[in-house]
Amino acid sequence: MKFLCVLLLASLAATSLAILNKPEDETHLEAQPTDASAQFIRNLQISNEDLSKEPSISREDLISKEQIVIRSSRQPQSQNPKLPLSILKEKHLRNATLGSEETTEHTPSDASTTEGKLMELGHKIMRNLENTVKETIKYLKSLFSHAFEVVKT
């Protein structure tokens, strides 16, 4: 199956090259040889002739024509990162809620009940989760900080 696909592509390439190399008034189809190997060899010879006619372009010529500028897209980080307004509001509300809950004193009877224990566990879990999220975000920023340093313009 692959061999037939290669033969079909070779035939198509030979036909298109033959049409491109002829003047417009002579565009008519020629009979193709039935021997597949002869046709493939002929296609290779045509492509080699076409390559020898074209001027060679060295890698240095290509690089010298392009202007490559490498600059850092990183901006100096301030102590207080700028966050969208919605995130700031959300943080403020969360801190206010946590602050009000932490300032209320729990009586020993509250701590002995199931609700008091659940509340304390909830606060511990929330603090641990916030610390974990902060550390994870910090780690991800350190991983991807160098990805935006090189910019091609």
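Each residue's number is its place along the chain shown, starting with 1.
Quick reminder: no glycine exception, Cβ is built from N, Cα and C everywhere.
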Residue from Ser56, Ser100, Ser109 to which Swiss-Prot assigns phosphoserine: Ser56
According to Swiss-Prot, phosphoserine sits on which of Ser37, Ser64, Ser86? Ser64
From Ser52, Ser72, pick the one Swiss-Prot annotates as phosphoserine? Ser52
